Amino acid sequence: MFFHKKRNVNGFLLLDKPKGMTSNNVLQKVKIIFKAKKAGYIGTLDPLATGILPICFGEATKFSNYLNASDKHYNVIARLGEKTSTSDSDGIIVRKRPILFTPIQLSLALKALTGSVNQIPSMYSAVKYKGIPLYKYARQGINVKRNIRCVFIYKIDLVDQKDNWIELNVHCSKGTYIRTLIEDLGEKLFCGAHVIRLRRLKIGLLSYSKLVKLSFLENLLNEKNVVKINFFKKIDDLLMPVDTPVYFLPKIYISIEKLSVFRLGQKVNFSSSITNGLVRVFEKDNNTFIGLGKINSEKTLIPYRLVSMLTN
């Protein structure tokens, strides 16, 4: 048996969520493997879905909201002619209709679902009502009135469509429900539709090229491997930097002299071409991430969101 006290893990992991697990179940497994004191995930994926599930450890959780607000990219395969209770293949079929649309009608339907779109979250979603996820009400047969959400669909690419299935690539804003999008498409085509496969490919500029599979982590935890390798070094090497969620912000360096004052929450003078904006602040000598600062028009750097000392 492998035992270890909980650690102060700091970093960011791009996990490839497996099918059939909730996002929270995946998080708890990863947290146990890393023996991490603090961890969270960004952007809930349905049990049926796979793909990018960002995991933030320790100090990285302070910046998760920036990545959560980013655009998302999905690949989805849907079955046409059938509407289900959950808008995906996990539910029961509630209605069947013939598939009679033409290529032109499909093109028009996809165009109508592009741009600013109003969606009503599915009852089988993680949206909370009075602190309880909607899917828990749905399982008890309780229907809750949901507020309309306005989302933005930047692009829908038709990958393929044959017989009773269709494959799409979707680029959308935060908060978009792909199941709802597919169900709405089915209604516009007068045949119904539900998701049978969903994979998240990208969040912001972070793509699946750096994904780590849960099965890979579990294999490393195998008792024989734990004995043979420096286990924690191996898994910690998979982590991306703490500032990954704010990678899009400009990067600046401050001297160690100014750093001592800055860490105490005091503003420091800083000459820069950047004005009135957030920046990533690094210590000049060793390239250590300090946190976020805000530069104003008076060439002053003000502490905005700082990290604690990054030690394990």
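Along the chain as shown, residues are numbered 1 onward.
Note: Cβ is positioned from N, Cα and C throughout, glycine not excepted.
Residue density at Asp46 (active site, nucleophile): 24 other Cβ atoms are found within 10 A of its Cβ, drawing on all protein chains shown. Under the three-state DSSP scheme, Asp46 (active site, nucleophile) falls in the coil class. If you look up Swiss-Prot, you'll see Asp46 marked as active site, nucleophile.
In the three-state DSSP reading, Leu198 (substrate binding site) counts as strand. Sequence-distant contacts of Leu198 (substrate binding site), defined as residues of its own chain at least six apart whose C-beta falls under 8 angstroms from its C-beta, comprise Leu45, Asp46, Leu48, Ala49, Thr50, Gly51, Tyr74, Asn75, Val76, Ile77, Asp88, Ile178, Arg179. Under the heading substrate binding site, Swiss-Prot lists Tyr74, Tyr177, Leu198, citing sequence analysis as support.
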Exercise. Given the substrate site residues Tyr74, Tyr177, Leu198, which other residues of that chain have a Cβ within 8 Å of the mean position of their Cβ atoms, reported in sequence order?
Worked result: Asp46, Ala49, Val76, Val170, Thr176, Ile178, Arg179, Leu181, Ile182, Val195, Arg200
